[in-house]
Each structure stands twice: as C-alpha cells, then as structure tokens.
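Engineer: Okay, so Swiss-Prot annotates it like this:
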BINDING   R17, E18, L19, K20, K117, R515, C516, W561, E605  5-methyltetrahydropteroyltri-L-glutamate binding site
BINDING   I431, G432, S433, E484, D599  L-methionine binding site
BINDING   I431, G432, S433, E484, D599  L-homocysteine binding site
BINDING   H641, C643, E665, C726  Zn(2+) binding site
ACT_SITE  H694  active site, proton donor
Amino acid sequence: MTILTHTLGFPRVGLRRELKKAQESYWAGNSTREALLAVGRELRARHWEQQKQAGIDLLPVGDFAWYDHVLTTSLLLGNVPARHQNNDGSVDIDTLFRIGRGRAPTGEPAAAAEMTKWFNTNYHYIVPEFSKGQQFRLTWTQLLEEVDEALALGHKIKPVLLGPVTYLWLGKVKGEPFDRLTLLKDILPVYQHVLAELAKRGIEWVQIDEPALVLELPQAWLDAFKPAYDALAGQVKLLLTTYFEGVTPNLDTIIALPVQGLHVDLIHGKDDVAELHQRLPVDWLLSAGLINGRNVWRADLTEKYAQINAIVGKRALWVASSCSLLHSPIDLSVETRLDTEVKSWFAFALQKCGELALLRDALNSGETAALEEWSAPIQARRHSRRVHNAAVEKRLAAITAQDSQRENPYEVRAEAQRARFKLPAWPTTTIGSFPQTTEIRGLRLDFKKGNLDANNYRTGIAEHIKQAIIEQERLGLDVLVHGEAERNDMVEYFGEHLDGFVFTQNGWVQSYGSRCVKPPVVIGDISRPAPITVEWAKYAQSLTDKPVKGMLTGPVTILCWSFPREDVTRETIAKQIALALRDEVADLEAAGIGIIQIDEPALREGLPLRRSDWDAYLEWGVEAFRINAAVAKDETQIHTHMCYCEFNDIMDSIAALDADVITIETSRSDMELLESFEAFDYPNEIGPGVYDIHSPNVPSVEWIEALLKKAAQRIPAQRLWVNPDCGLKTRGWPETRAALANMVKAAHNLRQAK
C-alpha cells in the first residue's frame with residue numbers, strides 16, 4: 001500500500017498578501033468585482049501548483065475563502081441573516097462581505113455578524129446565526145466552481161467541506177430560543193446535494209472537517225454524528241477530519257460512523273498510533289497529521305518516521321499536516337534577513353509540504369538518510385547559546401507568591417484612584433490604537449528601509465502622537481491614549497524590543513477577512529534589555545493635563561500571538577514575558593503614567609480545548625498577568641482589555657486577574673456578554689464596548705445610549721466606562737472621529753440624565 005501526502009488546507013492570502021490588497025481595493029471602490037475574482041483564481045492556481053511541486057499528492061480544494069471558511073459554508077447552505085439579504089433573494093460575494101463587515105460595494109449596510117476565534121487559534125470566523133424553522137438550500141457554488149478549476153488544470157484533488165455537526169456547533173441562536181441541533185436534518189440535504197455534485201465530477205475522496213469531535217461534547221451532540229453520516233454515506237469516500245486535539249476520548253463515536261478514513265492531529269493530541277491502528281476498522285484509511293500546521297519549526301523527521309513506521313503496510317496510510325497550513329507563513333525561501341543558523345530551524349507551509357514528501361518517500365522505501373540530514377539542525381538548536389539565558393532562568397525560579405499580589409485589595413485601590421484622577425461618571429476612553437494612516441505606515445517603512453534617519457523618524461512619530469492627543473481633547477475624551485503610531489502590531493512591537501524573539505519579512509498569516517499578522521517567533525529565553533514604551537507615553541502625557549494610558553500587550557497574548565518555542569512549556573514562556581513587562585510597568589509608573597493598560601485579548605483563546613485541562617492553564621495564565629501588574633502602586637490604575645470572549649465559564653479567573661478596569665468587546669453580541677459579569681457579581685470596573693470597530697459603519701448617539709442603558713441594567717452605572725470594542729488601528733480618521741464624537745455625546749447625555 002503506497003503512502004500518499006496531502007495537506008488539510010493552504011494559506012490563502014498570497015506571499016505578498018495579494019488577496020488582502022485585492023479585497024481592500026474592491027471594498028474601497030478602487031477595483032471591480034471581476035478584478036477581485038481574478039486575483040482569487042490566480043492565487044488558487046499558484047498555490048495548487050506550488051503544493052504539487054513540493055510533493056503533495058492530493059491537493060485540497062475548498063480551503064480558499066473570501067473572508068473565512070465558516071462564512072463560506074453559511075453561504076453554501078443559504079444561511080444569510082435577513083438584514084444582509086439581497087432584495088431578490090440572490091447570494092453573491094457582496095452578501096458575504098456584508099455579513100462579515102457590515103457593508104459591501106452593493107447592498108444596504110447592516111450590523112456585521114459576530115466574529116470569534118476558531119477553536120484555540122488566532123484565526124477568526126463569522127459566527128453562523130440560526131433561527132427557529134430556518135430553511136436551507138444550496139445558494140453558493142464556490143466549492144463546485146473551484147473543483148472545476150482544479151480539475152481543468154489537471155490536478156488530483158480532495159475537496160474540503162466543513163462538516164454539518166461542527167458547523168451547527170459553531171453557531172448561535174438568534175431570536176426565539178431553541179436547540180440548534182434540531183436544524184441538522186434540514187442542512188443535511190444540502191450536504192447530500194454537494195456530495196452528489198462532487199461524485200458527478202469523479203471525485204473519489206472528500207475531506208469533511210469535524211474538529212468538534214476533539215471536544216468534550218454533550219452526549220446529544222455526540223449522538224448526532226451517526227444519523228448525520230448515515231445520511232451522507234455512499235456517494236464519495238469521506239475522510240473524517242479532526243485537528244487541534246486528540247480523538248481517543250470520542251473514538252467509540254467515530255468508529256461507528258460510515259466513513260472510509262480518519263485524519264488525526266498527532267501533534268496537539270495525545271493519541272497513540274498503535275491504539276488507533278488497533279481500534280479503527282481494518283478497511284479505514286488513517287491520515288496521520290505528523291507535521292505541525294500551526295508553527296514554524298522544522299520537524300524532526302526521524303522522530304516522525306519512528307512514530308508511524310510500525311503500521312506501514314498494515315493499513316492504508318496518508319501523511320499530512322496536523323491541521324490546515326493556513327496558520328503557517330507560506331515560504332521560508334524568501335526570508336533573506338534571517339541568519340543561517342536561525343533559518344535552518346524553520347519550515348513554513350511550502351517547506352512543510354516538502355517535509356511530508358521526504359517522510360512519504362522514506363516510509364515507502366525504508367531509506368532514512370534524507371530524514372537524518374533534514375533533522376540535523378534540530379539537534380544543533382538544542383545546544384545553541386541563542387536559546388538559553390541563565391539570568392532569565394534564575395529569575396524565573398525565584399518567583400514567590402508575593403510577586404503576584406497588589407499591595408491592597410481593589411476597594412482600597414479604587415479610593416486612591418478616584419482621588420487621583422477625579423473622573424466623571426461614564427468616563428470615556430479608547431482601547432489604544434488610532435488609525436494607521438498611509439503617512440504613518442510610510443514613515444515606519446522609510447525608517448526600516450534606511451531612507452529616513454532616526455531623528456527625522458522620531459520627529460515624525462512625535463507629530464502623529466501630538467495630533468492624536470489634540471484629536472482626543474477636541475472630542476472630549478476623559479482618558480487619552482498616545483495612539484500607537486510607532487507600533488506596527490501589538491505583539492510584534494514588543495517582540496522587537498525583547499531578547500528571545502526573531503522576526504520574518506514575509507511571515508504573514510491570516511487573522512480574519514483581509515487582516516493579516518506577522519507573528520514573532522520565540523527562539524529563546526525572554527528578557528527586556530531596555531524600556532520599551534516609556535519614552536512615547538511620557539511624551540504624550542506631557543502634552544495634556546488629562547491622564548494618558550500606558551499601553552502594554554500582556555504576557556499570555558504575546559505568547560498566544562507568537563510562534564512559541566517547542567522545547568519549553570507555554571507557562572515558562574508566559575512567565576518570562578511577565579517578568580520582562582513587570583519592569584516596564586515599574587518604569588512607566590516612575591515616569592508619571594498613572595493608568596497602565598495590559599491587554600489580554602488572547603487569555604480565553606489560549607484555553608485548552610478540553611475543559612478538564614482548563615484549570616492548570618488558567619492558574620498560570622492568571623499568575624503571569626498578576627506578576628506583570630502587581631508591581632504597581634495602589635494609586636496606579638491597571639486596565640486590561642479582552643475581545644471575542646465568552647466569559648461565563650471563566651469568570652473566576654477574570655476576577656482573579658484583579659485588574660482595576662476591564663474593557664471588553666460586547667457590541668456585536670448586543671451586551672449579551674455582560675450577563676456573565678452580572679451573574680458573577682463582578683466587583684471591579686467594566687468598559688463594555690459600545691460599537692464594533694471591525695465595521696466601518698458609524699453608530700448613532702441613540703444606538704450607543706441604548707447599549708449603555710442596557711449595560712446599566714446589569715452593572716452599576718458608577719462602575720461603567722464608555723469605550724469602543726477594540727483598537728481603531730484599521731479604521732479611517734473620518735469614521736473614527738464621527739463614531740467617537742457620538743460615543744462622547746452619548747456619555748454626556750447619560751451624565752445629564754442622572
């Protein structure tokens with residue numbers, strides 16, 4: 001039985017972020033829909049050919065998305081919220097963009113659908129909305145069109161579909177409450193239709209993704225898989241695909257399904273290959289996810305060979321990435337600034353395809369010399385001086401319980417802070433960043449390229465900070481920010497100023513829609529050689545009598561939004577970052593900054609997928625935040641910010657952070673998230689986001705007032721702040737001014753109504 005290679009998906013955006021640029025040009029009205037569609041076709045063709053040339057036998061088709069693959073599935077099923085529908089009931093690419101962004105070049109603007117994290121990754125999806133009695137039909141044939149494209153190019157392919165049970169699991173009920181699982185019978189005919197169309201095209205295998213099978217699902221959801229897959233069986237071979245965790249706890253459910261193969265993530269799960277081989281039906285194909293799709297490290301192929309070789313020849317076997325390569329940068333070969341040693345430690349998406357080909361060839365032939373040669377740099381890295389810092393390791397070992405305790409409880413601190421800042425009721429602020437204009441990006445780029453000297457660069461940044469302060473004072477905001485003109489990204493900026501990180505030139509990965517990030521890579525022990533944010537915070541504070549927040553990204557978020565080391569625990573990395581940023585808090589305080597925000601938007605996304613593993617993670621995640629913050633004096637107000645979060649199941653840990661103020665993203669959920677804080681009787685101050693910064697729509701004063709009144713029904717008004725959902729980096733100044741003016745007006749109206 002010959003072993004084949006395949007990937008579960010490939011990065012969509014293009015090496016130079018071509019998709020992002022085409023999307024944003026189209027949204028701005030600067031290019032046509034036909035031009036956008038042409039870029040998509042070009043990228044798909046390029047990526048299929050690149051994977052094929054790298055040694056992939058079965059190419060994924062259907063992994064491309066114009067915004068995200070869950071939203072693509074919603075359109076496939078005809079699941080379009082009424083507010084986003086075309087008048088004639090048709091579905092087009094602008095329908096998709098209205099759901100994701102709230103507006104598109106055609107159609108009426110409407111509130112964007114909710115967005116949240118894809119399992120425990122830094123990728124996002126648009127949450128499907130379900131209503132009682134909803135009807136589904138095949139309305140969006142993107143998958144079938146792309147299959148036709150790939151077949152016309154002569155490729156051997158494997159279409160990719162998000163499975164029906166996981167799709168329902170990922171959604172939310174809107175309107176009258178009901179059990180969304182009852183809709184399963186209604187969406188299955190659409191899946192049957194799609195599979196029939198694929199069978200007509202001669203497709204042998206379809207990858208059907210059911211990552212919900214790695215979760216601790218309620219029994220009713222587990223029971224739903226059998227009738228669902230009974231309905232889907234018989235038209236094509238189905239590769240039931242899971243990732244991000246192991247499947248062993250749900251294996252009894254899986255082996256009862258009428259599918260022909262199973263993909264397992266052997267990187268992030270604890271599944272034993274021998275046990276899987278023993279328990280799976282003998283005629284099933286096993287797809288072994290041996291290459292990490294979520295990191296940038298070169299694989300130890302000798303280790304992977306040993307892990308799987310015992311079952312070679314005993315059942316049909318494919319080797320694959322652990323998950324979609326969407327979460328990895330595209331191509332290491334274009335990284336010209338990484339030094340030779342560090343570069344030899346990495347593998348990006350195309351190199352991971354090459355790793356799969358090397359592994360396939362060795363498993364088919366029994367010849368392992370090429371694997372040993374490939375794996376040699378990994379052995380060298382374990383002993384590199386760039387990895388280990390004795391001073392950092394000593395400081396980490398010396399942490400005590402006192403290092404994570406503020407001097408006094410919140411009630412005492414709040415009195416000191418009220419006396420210091422004398423803020424009005426309903427205090428207004430923003431989350432941190434202001435629009436990253438063409439001028440700001442050009443300034444940073446010129447400096448990075450050496451076209452601008454340090455003095456002129458600093459003068460330019462200072463001017464943008466000054467303008468941000470002027471804008472905020474004109475708007476009447478109560479607590480200001482410096483706007484972060486000097487920062488390219490909230491994680492990358494800190495990584496650039498901390499030892500232990502390296503950076504890529506083109507290591508872009510998709511976050512959501514057209515938003516791409518370039519995560520830093522943790523290659524060694526982390527320390528802070530010098531202050532990072534103090535100079536600009538101090539300068540901004542010198543321009544105004546109002547308080548200016550110091551802005552830090554928290555340790556867990558820096559960890560989650562970086563590519564971490566694989567040779568130490570995540571806890572170790574987080575606490576090393578916390579110690580480095582603890583020194584930054586002390587320096588900001590000494591410079592006269594009285595309010596310091598430590599953003600932890602990723603705290604919840606870092607949760608293990610299985611609830612039974614949560615406690616250990618939350619214990620060290622909370623401790624890392626507290627180590628970071630606890631050096632602050634009582635009169636220094638510590639803020640934190642979180643987004644895309646469901647809080648009700650981690651409220652104990654949110655409270656344990658002991659931040660004086662927490663700002664959260666709530667507008668897309670219509671203040672629904674505040675239920676968690678109300679039920680828990682959260683004791684500290686809260687700033688529920690009053691408008692969605694991911695949409696260019698400007699909220700009205702009345703809309704914001706209504707949300708704040710709804711918030712005040714759950715949280716005492718004296719503990720409420722008024723702020724947007726998130727930072728304003730991706731917005732333009734006209735809409736930012738208009739939205740903030742309405743926000744400030746709404747706060748003033750509520751003060752007068754007291």
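For all residues, glycine too, the Cβ spot is worked out from N, Cα and C.
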Engineer: Tell me, how many other CB atoms lie within 10 A of the CB of L19 (5-methyltetrahydropteroyltri-L-glutamate binding site), whichever protein chain they belong to?
Structural biologist: 24
Engineer: Measuring Cα to Cα, how many angstrom lie between R17 (5-methyltetrahydropteroyltri-L-glutamate binding site) and H694 (active site, proton donor)?
Structural biologist: 19
Engineer: Taking the Cβ of G432 (L-methionine binding site) as the centre, count every other Cβ atom within 10 Å, in any protein chain shown.
Structural biologist: 24
Engineer: Residues near the L-homocysteine site, I431, G432, S433, E484, D599 excluded, by Cβ within 8 Å of the Cβ center?
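Structural biologist: Other same-chain residues with Cβ inside the cutoff are T430, V481, M490, M551, Q597, H641, C726, G727, K729.
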Engineer: Please compare the binding-site residues C516, C726 by how many other CB atoms fall within 10 Å of each one's CB, and tell me which has the fewest.
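Structural biologist: Fewest other Cβ atoms within 10 Å, among the binding-site residues C516, C726, is found for C516.
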Engineer: Can you tell me which binding-site residues out of E605, E665, C726 are within 10 A of G432 (L-methionine binding site) by Cα, answering none if there aren't any?
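Structural biologist: C726, listed in sequence order.
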Engineer: Determine, using Cα-Cα distances only, which of these recorded positions is closest to E665 (Zn(2+) binding site): L19, K117, S433, C516, H694.
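Structural biologist: So, of the listed recorded positions, the one sitting closest to E665 (Zn(2+) binding site) is H694.
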Engineer: Could you give the maximum C-alpha to C-alpha distance in Å for the residues R17, E18, L19, K20, K117, R515, C516, W561, E605 that bind 5-methyltetrahydropteroyltri-L-glutamate per the record?
Structural biologist: 28
Engineer: Quick check for the class: what is the C-alpha distance, in angstrom and rounded, between L19 (5-methyltetrahydropteroyltri-L-glutamate binding site) and D599 (L-methionine binding site)?
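Structural biologist: So the Cα of D599 (L-methionine binding site) lies 29 Å away from that of L19 (5-methyltetrahydropteroyltri-L-glutamate binding site).
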Engineer: So which of the recorded positions is most packed in, judged by how many other Cβ atoms lie within 10 Å of its Cβ, out of R17, K117, H641, H694?
Structural biologist: H641
Engineer: Say you check the Cα of C516 (5-methyltetrahydropteroyltri-L-glutamate binding site) against those of the recorded positions E484, C643, H694, C726; which is nearest?
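Structural biologist: Sorting the recorded positions by distance from C516 (5-methyltetrahydropteroyltri-L-glutamate binding site), the top entry is H694.
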Engineer: Between the binding-site residues K117, H641, C643, C726, which lies closest to S433 (L-methionine binding site), Cα to Cα?
Structural biologist: C726
Engineer: Where C726 (Zn(2+) binding site) and E605 (5-methyltetrahydropteroyltri-L-glutamate binding site) are concerned, what is their Cα separation in Å, rounded?
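Structural biologist: Given the Cα positions, C726 (Zn(2+) binding site) is 16 Å from E605 (5-methyltetrahydropteroyltri-L-glutamate binding site).
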Engineer: I need the CA-to-CA distance for E484 (L-methionine binding site) versus K117 (5-methyltetrahydropteroyltri-L-glutamate binding site), whole Å please.
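Structural biologist: Approximately 24 Å lies between the Cα of E484 (L-methionine binding site) and that of K117 (5-methyltetrahydropteroyltri-L-glutamate binding site).
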